[in-house]
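What TrEMBL lists as ATP binding site is GLY81, LYS82, GLY83, GLY84, VAL85, GLY86, LYS87, SER88.
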Amino acid sequence: MSSTDPKTLLPPSLAARVSALTIKNGRAIAVVDAAGLGAKDRGDIERAISDTLGQREDVSETRVVLTAERKQRRLIAVGSGKGGVGKSTLTANLAVALAKLGHKVGLVDADVYGPSQPVIFGNQGQKPVARDEKLVPVDSDIGIPVLSMGHLVEPGRALAWRGPMAGNALSQLIDAHWDDVDTLLVDLPPGTGDVQLTMLQRFKPMGAVLVSTPQDLALIDAARAGQLFDQAGVPIIGLVENMAGYACPHCGEMSDPFGKGGVETAAQRLDLPFLGRIPLDLAIREGSDKGTLPAAGDDLLAQPFHDIAAKIHSWIGAQS
Ligand SMILES: Nc1ncnc2c1ncn2[C@@H]1O[C@H](COP(=O)(O)OP(=O)(O)OP(=O)(O)O)[C@@H](O)[C@H]1O
């Protein structure tokens, strides 16, 4: 095979992008560095090279190989102002619902202080292996690869790590072999500490979802978490109200143990989109405890998760 200097055959603007060019038996192969180019520019370059080389007598077929063509992996962070509001439950169900919408989803459980995703996905006790000094995510029956601190440390062992150490551990979870995953959901630790800020700055998620219960205190904390995302320059996709409205399993009567509509009102006040509300339902808790996720189904329980995922899906679409 004979290598050719691209500059001798292509105009300078195209040649600058070509890292290797060979012509043999009428077949030209051009390797193009497509890093940082959008789909349209990549298409334009591919066509221009094919057209230019195709005019040569010694070329009957041109192949253009675009490198760095890897899909850009987007990170979506799920945060809350305080613990226990259902952030992990929401993240796991959104992962399943977004996968149903065609995304290749992976999940990082960055909640170093209370990792719960291994239980939710039923893959606790499995240890991720390392390849080339990077972790390989742990598979789950439902098809979502997951990496959690809970996979790395003994269950129940409290992690009294300080900021930088926790930050480095989290980097390993995110900078892992996610392969064809295009959408990585990150279940952040609750609150607005250094770990969260470091994370947001280091990995710059495409957007963030905030979850809160309708309780006043949770709402105040959620607003504070919103400021943290603002500070880090991460757009907030919207707010979710969890544990809204309780249907009595005996008589079906609805009650609102944590109040009603508080998150939607807060979203209006903060000028943020409201993505939807998830009812307080025993089946959601039971499902999480035994590794069956409501969003995997298509019944009433699954519906709110699918509706919220659809809004996130549209938001993602509007960014590209
Ligand atoms: N809508 C709901 N209905 C019933 N139970 C729920 C609901 N959402 C969450 N739960 C339950 O509430 C508990 C706390 O939820 P979860 O672990 O998702 O919260 P969290 O905000 O991630 O908490 P932490 O940050 O402390 O891990 C779990 O037992 C979960 O199953």
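The backbone N, Cα and C atoms fix where each Cβ goes, glycine too.
Sequence features, as recorded in TrEMBL, placed on the structure.
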| residue | record | Cβ contacts under 8 Å, 6 or more apart |
| --- | --- | --- |
| GLY81 | ATP binding site | PRO190, GLY191, THR192, LEU210, SER212, ALA218, LEU219, ILE220, ASP221, ALA222, ALA223, ARG224, ALA225 |
| LYS82 | ATP binding site | PRO190, GLY191, LEU217, ALA218, ASP221 |
| GLY83 | ATP binding site | GLY114, PRO190, GLY191 |
| GLY84 | ATP binding site | PRO190 |
| VAL85 | ATP binding site | PRO190, VAL211, SER212, THR213, ALA218, ASN242, MET243 |
| GLY86 | ATP binding site | SER80, VAL211, THR213, ASN242, MET243, ILE278 |
| LYS87 | ATP binding site | VAL78, GLY79, SER80, ASP111, ASP187, LEU188, PRO190, VAL211 |
| SER88 | ATP binding site | ASP109, ASP111, SER116, GLN117, ILE120, ASP187, SER288 |
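For the recorded site, GLY81 (ATP binding site), the DSSP three-state label reads coil. According to DSSP, GLY86 (ATP binding site) sits in a coil region rather than a helix or strand. The record gives GLY81, LYS82, GLY83, GLY84, VAL85, GLY86, LYS87, SER88 for ATP. Within 8 Å of the mean position of their Cβ atoms, the other Cβ atoms in that chain belong to SER80, PRO190, VAL211, SER212, THR213, ALA218.
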